[in-house]
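Over in Swiss-Prot, the protein carries these features:
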| type | residues | note |
| --- | --- | --- |
| BINDING | Asp8, Asp9, Ser39, Asn91 | divalent metal cation binding site |
Amino acid sequence: MNILITNDDGIASSGIKALETILQKEHNTYLIAPLRERSATSMALSIYDSMRVERINDNHYIVDGYPADCVNIGLHGEIFPKIDLVLSGINRGVNMGHDVHYSGTVGAARHGAIHKKLSLAVSSGNIAKDYDYIREAEFVRKFINEYSSQLKVGVVYNMNIPSDFISSMENLRVTKLGKRTYEDTYSQKNIIGGIADFYLGGSELGHSTEEGTDFTAFFSGKISLTPLSLDQTDFSILTQLSDSLSKNIS
């Protein structure tokens, strides 16, 4: 299988290195990643600016851009052969609930899904800077080898792995997205006249405890796998909204 590997933590991160180290033993791996940290960039693309792309060798490229840029170049820049799977991660920190809308890790995988590729985003609860993510990468290898034939193109598969996990398929749970809320705060520094630098901070207010969610699985020590649809239409109100507007217009 030809696997494009990217992330939002940057080319130097241990998570992406672990995936390549493990997967290249059995698959053709093509690594293309941002030059630096690009967390919380979702599916941002460099539309109006050029990007500097550095070729290390035929299988390794560095992009001064966003994670979705990396996927786009990898798929359409004529640098790699035809890609079968877009793999984003391993992210340092989880992406669950509302996080998926902001995450550059999930955004990169979503861009692959839009272009009709198998797409998997992988995040870990282990945020230690010196952690190597080899155990997580081994689990990803097992998952890909056993289940890639059952996955659908056009779907983003979002996997979150607890820091203390059992590496077996019996420990995997298929889940739905939960909900997480944050209290956002900003601090101001370097204030000169009416100009200041704003820094985002804050804390988590809470997350869902509903059974069947990614949060419930993760915090019970299970690996969560959530299929994310590209179609974000809210079908629960579609007919009601259409009928309501039709009555008002007529």
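Yeah, the Cβs are placed from backbone N, Cα and C, and that goes for glycine too.
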In three-state DSSP terms, Asp8 (divalent metal cation binding site) is classed as coil
Across all protein chains shown, the binding-site residues Ser39, Asn91 give the max Cβ-within-10 Å count at Asn91
Simplified to three states, DSSP reports Asn91 (divalent metal cation binding site) as strand
For Asp9 (divalent metal cation binding site), the same-chain residues 6+ apart in sequence with C-beta under 8 angstroms from its C-beta are Gly15, Ile16, Glu37, Arg38, Ser39, Asn91, Arg92, Thr105
Within 10 A of the CB of Asp8 (divalent metal cation binding site), the number of other CB atoms across every chain shown is 30
